[in-house]
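Asks: Positions annotated as domain 'Thymidylate kinase-like' by TrEMBL: 5-184. Among the features that TrEMBL reports, ATP binding site is placed at Gly7, Leu8, Asp9, Gly10, Ser11, Gly12, Lys13, Thr14.
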Amino acid sequence: MLITLEGLDGSGKTTVWEALKDVHPEAVFTREPTDSWYGDAVYRSMSDAGADPLAELFLYTADHADHLSGTIRPALDEGTLVVSDRYSDSRFAYQAATLAESDVEIARPMEYVRGIHAAFSRPPDATIYLDLDASTAAERAGRTDKFERDGYLAAVRENYERLIDAEPERFVRVDATRAPEDVIARVEDVVADLLADPE
Ligand SMILES: Nc1ncnc2c1ncn2[C@@H]1O[C@H](COP(=O)(O)OP(=O)(O)OP(=O)(O)O)[C@@H](O)[C@H]1O
Ligand SMILES: Cc1cn([C@H]2C[C@H](O)[C@@H](COP(=O)(O)O)O2)c(=O)[nH]c1=O
């Protein structure tokens, strides 16, 4: 089973992902951007305020392709639980927002990004969405990179809502405004339920 954690910067994904490691030592814990050289290229692009938005999309997507073939598919083929801190929905939400505010003339950015993935990607079985308003998310994340702006994160949040509306059965929304221990306990319960009833 592939479970992904999604949400805005600062929503607490990594905090939850680390906590789940103690409860599920049998699982593969992974993340995007990855720690491969493809991931290094992504981080280099993220640190460039003038990076071309389409080039950046394809860097993230190249990292995803390598993540799939090198980590995700082999683990799933062995029947191992995989928990990924960010996955394809991050591209659908973030790069669609980046393209929408750029000069690139793509009429339906989210559909475009989803279409690129449809040909080769492997959708998550379940996605835990840590729901937090853009302003609190930017505050928690420290507003250190080009994505951690309230207006941009508000657009990303709207995109996540569109993704949830399109596939409500895949997403589990968790209130990320709660205290860390409450968020962790809720996510642990969600994962236990998913494993008990994989359908
Ligand atoms: N429920 C919470 N309430 C308050 N602060 C939190 C909560 N969860 C995490 N934090 C704090 O918010 C900051 C961001 O948390 P974390 O790194 O887990 O978020 P993230 O979603 O992985 O962010 P990013 O996507 O930017 O890596 C950290 O300082 C963390 O301690
Ligand atoms: C996978 C992925 C990530 N992003 C953005 C979201 C964050 O601002 C950064 C890095 O993620 P982290 O969890 O803070 O390490 O990258 C993105 O725009 N598109 C993606 O596909």
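Heads up, the Cβ atoms here are built off N, Cα and C, so glycines get one too.
Can you tell me where each of these features sits in the structure?
Replies: Listed in sequence order, Leu130, Leu132, Ala134, Ala137, Ala138, Ala141, Leu153, Val156, Arg157, Tyr160 are the same-chain residues at least 6 apart in sequence whose CB falls under 8 Å from the CB of Leu8 (ATP binding site).
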Asks: Using the CB centroid of Gly7, Leu8, Asp9, Gly10, Ser11, Gly12, Lys13, Thr14 as the ATP site centre, which other residues of the same chain sit with their CB within 8 A?
Replies: Leu130, Leu132, Ala137, Arg140, Ala141, Ala176
Asks: Most Cβ neighbours within 10 Å: which of the binding-site residues Ser11, Thr14 is it?
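Replies: Top count of Cβ atoms within 10 Å goes to Ser11.
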Asks: Just checking: which of the binding-site residues Gly7, Asp9, Gly10, Ser11, Gly12 have a C-beta under 6 Å from ligand 2?
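Replies: Among Gly7, Asp9, Gly10, Ser11, Gly12, near ligand 2: Asp9.
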Asks: Which residues of the same chain, at least 6 positions away in sequence, have a Cβ lying under 8 Å from the Cβ of Lys13 (ATP binding site)?
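Replies: Counting only residues 6 or more apart in sequence, the Cβ neighbours of Lys13 (ATP binding site) under 8 Å are Leu5, Glu6, Gly7, Asp85, Arg86, Leu130.
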Asks: Counting Cβ neighbours within 10 Å across all chains shown, tell me which of the binding-site residues Gly7, Gly10 comes out on top.
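Replies: Ranked by Cβ atoms within 10 Å, first place goes to Gly7.
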